[in-house]
Amino acid sequence: MAVTGLGKVRNKRKQEEVEEVEKGPFAGVVDLEMHSEDEAEDEDREGDDASDDGDVDEFPEIDAASDSDEESDEEEEEEEEEEEEEEDDADDLDEEDTLDENSDADSDLHIFPKSKKVVSNITGQTKVVYPEIEPDYDSDSSTEDDPNRVGNIPMHWYDDLPHLGYNINGKRVLRPAKGDELDRFLQTVEDPNSWTTAFDKNTQMDKPLSAEELDIIRRLQAGENPDAEYDPYEPTIEWFTGKGKEEVMPLSSAPEPKRRWLPSKWEKQKIMKIVRAIRQGRIVGSKPSAADKKQQFYAIWNEPPSNQPPPLPAPKPKLPTNSESYNPPEEYLPTEEERKQWENTDPEDRERDYLPHNYSALRLVPAYDQFIKQRFNRQLDLYLAPRIQRVKLNVDPNSLLPKLPSPNSLRPFPNYKSLQFMHTKARVRCLSISPDGAWVASGDESGVISLWEVNVGREVKRWNLGSKVGAIEWCPRLDACFLVAGTEERLHFFIPPNISPAMLTTTQSILAPATLPPTTQSSIKWISTSGAAEDGPILTIELPSASGLSRQLTWHRKGDYLASVSSSETQGSVWMHQISRRHSQAPFKKIKGAVQMVLFHPTKPHFFVATQRYVRLYNLAEQKLLKTLMPGIKWISSMDVHPSGDHIIVGGYDRKLCWFDLELSEKPYKVLRYHSRAIRSLHFHPTYPLFASSSDDGSIQIFHARVYSDLMTDPLIVPLKILRGHDVQEGLGVLQIKWVNKQPWLVSAGADGSVSMWCS
């Protein structure tokens, strides 16, 4: 029937065009067209009813060449319809005769894949097997685009790639071309259906939405059910209500479990446990309330009496004045200059928040433009009004300051510059004063060490080492006189001139004895030089390679041990040298942080080590860590120990000076911030209650520091004097300061190449 009804639907014009274009030898033999099943069913119904043949209306074709000949067109259309009806009748008669012939030709076309009959291995009967359909152009899906087969993955993985994924054959699916925003806008203007598309992330293209999808979107936006056929108001179907609909059989056919009709022994045990507790009195039930007990009522609005005074009343708003009238006197009206001056003044600086205006009648007064702001300010007044009246304390601010003694009562201390010694070639990094207070040794960065007198400033001796001098220190022994200078990877020992023969003999026996002690295996070499002791170093200690410049030298109080700190940040930066045995050793195998300074305790076998952030106190006799001081300084630059040994001061590059009481706490007792730039040097006076600090701001600050023997009394720290006399060069000021042992005098070395003596 499907083949029979094909000729009834096609019109004459379309049939002629198809025959002219597609006519060939194959089409002449077989006259077969493929249609869908729906078309075949429609054609079957049309074939049954012969009266429907004439009801098909064909849309007339319009000839653009001749628009005026309407009558000729109508005649041609009528003739075409008559010819079409005649041909359809002829086709109905011929198709029945040619049906058998066409069926033989269909078998030769092989439109569908050929099948073969095989014998089943399971049933032993023959079965028809069709070959698998390959996704080529012969398959049903050959006309579809190759979809992106990447799966459910984040598509932003392909943002930087030229393709979007891969198709079913494993080939790349290239990214479609995209225009700019102007192209998209023009596309929306030209295409009226552009609003019915949606962007597909998988293919990076806009896909049109069907009418069903658009209806679902409309329903979702309107808050309706997406299903168009859903009726929320449909009547309820009573499945088990009414006569003959009662539920008789159970919902499950499983047998009823045994636990439903046997008492539970576990519940019995729990009940007996509660019964025993009630009998023993451990569980007491609530007593029944008396029937005649009346309900108690409370007056919720009554407040108990309070001993506090009543709250203060809210502040009252200011009453309007004559200038706020709608028709004020003329003397209240501002002139043009006063109006401009009021407008140019800031709102917080104005005397009044308004300008007086004059209106002839009250009905002409406009609405108040500052009404909302005025109401808001009034609410702030009520909200921020004080609720409690506090008694004001009349305290003198000066009484809160600590009572410090007058600086004049704390004399002597240095207050003026008495003399100055110059190093003309380079800045002075270090200096040291002899134990007797008569000589000063200063070294600069050019390698020159100058020895000069304290009283007159006359240079007595000069040594040139050829490399930068990083540290100088006199030996504290009184029976010998020599000093040590630290350079790059070397320590040089010098004997000053003009000393007594007995002291010279003792000094030479210490530094260059006749019989040398036995040598030990060490990376440090002790070298004695021959010749006059006054011309050069009498003894040289060669530190390990890559040790760097010696930044600090410090002696033990007995003068036999010398500690040196180098600029390298390894465990070999700290060395302990024993002069009598000519032996050197590194006291630390591993150091946490870069060591900045080291100091010996003045009375105990303790050793202070200052790293970048902390100060650690070690016991050399027991070889253990005693405590760690935390000054809270970002970078420690200097420190010094009080002669009593119970206090220590630490300075840093962040301008802080911390005073520690070793018996009190690991945190600083007091923190002083008087310098405007980094602190470079600190020093306690050996005998006077004084200490000083120098900074890169070019100033030296003198403090009175009295430590009492009573442990219950805090130390007294009083700032006394600020000394200014050094110039700041390249961001560096006063680099080192030292006190004269027996006098309240101070010696300072600056970056400007000068060494100054400050006296009282």
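Backbone N, Cα and C define each Cβ position, glycine as well.
TrEMBL does not curate its annotations; it predicts them automatically.
What TrEMBL lists as region 'Disordered' is 1-116 (among others).
The compositional bias 'Acidic residues' annotation in TrEMBL covers 38-106 (among others).
The region 'Disordered' annotation in TrEMBL covers 130-151 (among others).
TrEMBL lists 133-145 (among others) with the feature compositional bias 'Acidic residues'.
According to TrEMBL, the feature domain 'BOP1 N-terminal' maps to 158-414.
Among the features that TrEMBL reports, region 'Disordered' is placed at 301-353 (among others).
If you look at the compositional bias 'Pro residues' (306-318), the same-chain residues 6 or more away from its ends with a CB under 8 A from one of its CBs are 378, 381-382, 385-389. Annotation comment: TrEMBL describes 306-318 as compositional bias 'Pro residues'.
Here the compositional bias 'Basic and acidic residues' (336-353) has long-range neighbours at 323, 370, meaning same-chain residues at least 6 beyond its ends whose C-beta is under 8 angstroms from one of its own. Positions annotated as compositional bias 'Basic and acidic residues' by TrEMBL: 336-353.
According to TrEMBL, the feature repeat 'WD' maps to 421-462 (among others). Note on the repeat 'WD' (421-462): residues 468-478, 481, 483, 485, 487, 494, 496-498, 534, 729, 732, 735-736, 738-743, 745, 747, 749-757 of its chain, located 6 or more positions outside it, place their CB under 8 angstroms from a CB of the stretch.
Among the features that TrEMBL reports, repeat 'WD' is placed at 672-713 (among others). Counting residues of the repeat 'WD' (672-713) by DSSP class, helix then strand then coil, yields 0 helix, 21 strand, 21 coil.
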Q) Which residue counts does DSSP yield for the repeat 'WD' (421-462) in the helix, strand and coil classes, in that order? A) 0 helix, 24 strand, 18 coil
Q) So, by DSSP, how many helix, strand and coil residues make up the compositional bias 'Pro residues' (306-318)? A) 0 helix, 0 strand, 13 coil
**Q.** Mean predicted confidence [pLDDT] for the domain 'BOP1 N-terminal' (158-414)
**A.** 86
